[in-house]
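All remarks here apply to the structure that follows.
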Amino acid sequence: MALLAWKRRMVLHMVVIVMCISSNTSGSCSYVISVNSKFAGLDNSLAALKSHDSLRHLHILAAGVDLPIGGIGRADTVGLYYANIGIGTPSKNYSVQVDTGSDIMWVNCIQCRECPKRGYHNLELTLYNPLDSVTGKKISCDHEFCLEVSKGSVSTCKSNMSCMYTEVYGDGGYSLGYFVRDVVQYDRVSGDRQTSLANGSVIFGCGARQSGDLGSDDDALDGILGFGKSNSSILSQLASSGKVKKMFAHCLDGVNGGGIFAMGHVVQPKVNTTPLMPNQLHYNVNMTGVEVGHEFLNLTADVFATGDKKGTIIDSGTTLAYLPEVIYKALVRKIFTWQPDLKLRTLRDQYTCFEYSKSVDDGFPLVTFHFEKSLVLEVYPHEYLFPFENLFCLGWQDSGTGTSDKKNLTILGDLVLSNKLVLYDLENQAIGWTKYNCSSSIKLKDEITGSVHLVGAHFLSSACSCWSQRALHILLLAILLHGLLS
């Protein structure tokens, strides 16, 4: 298990539009995206068209979206959280990393020659082929979506050219391919811990090439499900069609893995929020202070807004927590005053570790980050100290040693976000969190009826096929009813 793999998606992505000649190819609610998988034995025939029609009939307003998730964000493992979604008609199942630090959703495509067949926890991976879906269609370079993500730079666009993308991440990985539109299936909240199948048409990337950890057998998945702020995210696309409100929440279980991920209006638990900083690409907030034990670090206000990249980035695609050099050094120095006799070691030239045989919660201080509007984020010693090779290592990282584009960024990842309900409210441009049991449930409100429903925790395993079986049963029922009525 490589330590470097812990630096997950680092949110420093970008989209670059280039052009190529394409081949010949064909009210608000709350939601939960569910697990879909392929329908073996069906082709692009009448049966597939019937299944498509039956899914189309489910385009109704709902209470919310329930997105079952798996994985775990612990630093002593390959830290990531993923969801299973269904794409295409007939639907096939894809396992995608859930990432609030990037915008674009993409999955690896049939053109990817070097994509692994199996990935994270031996998950069987699937290559998407738009020709296998009767609803799949390439996006042209003059499409309004392409114009928006390219910021209008499509002067070389010609007839039959596809809209290409390159998504680059801060850990050096990238995905390159072209945009397509297809049907994405998800779980619509229909009652307490109950869902029904729903779908929406979404534009996403069809990845033909990848690099870095994205292709590693240890943590490879079918793609990434971006929940960033831009109009290209799946959340924004579903919201623009009136299927959801631009609100979602996650509760990542750092103990058992999995947790809760839902789109919609969370009414329980109550969550205090802080404003999102305007004109920023990511979920940036204004940090105002750092407290160790019951003592504030002696920091000036300007250290919380370094360079052009203002504020603190909240990112579920990053495993650890990255702090500017001045904050990092002051924080680590203060923490170790609680145990001055420790012999510190440096692993892999970047991880500060030590031997300790007692309870870390008894021997080390609580760290509390303070934000605008009096919101606080408490991080306990067992959260910022993780076991590795019979040692304990610090999860805090010094971003002052990074490259120029990452230097002195403040990024809070799963290290501090786990075991908390985190609410992203783009309707009101705010974000908030509260300590929570992520193996329990939350309550979502139906904006149309006013009813409130429970959404429970999930833990997906690589062997889970329950969603595909349910989807197949729905498909067979639709075909049977069609036969009886025709």
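Glycine is treated like the rest: Cβ placed from N, Cα and C.
Those TrEMBL annotations? Automatic predictions, nothing curated.
Features reported for this protein in TrEMBL:
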SIGNAL    1-27  signal peptide
DOMAIN    81-434  domain 'Peptidase A1'
ACT_SITE  Asp99  active site
ACT_SITE  Asp315  active site
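Within 10 Å of the C-beta of Asp99 (active site) we count 26 further C-beta atoms, all protein chains included. Cα to Cα, Asp99 (active site) and Asp315 (active site) are separated by 7 Å. Its Cβ placed at the centre, Asp315 (active site) has 27 other Cβ atoms within 10 Å. For the domain 'Peptidase A1' (81-434), the model's pLDDT averages out at 90.
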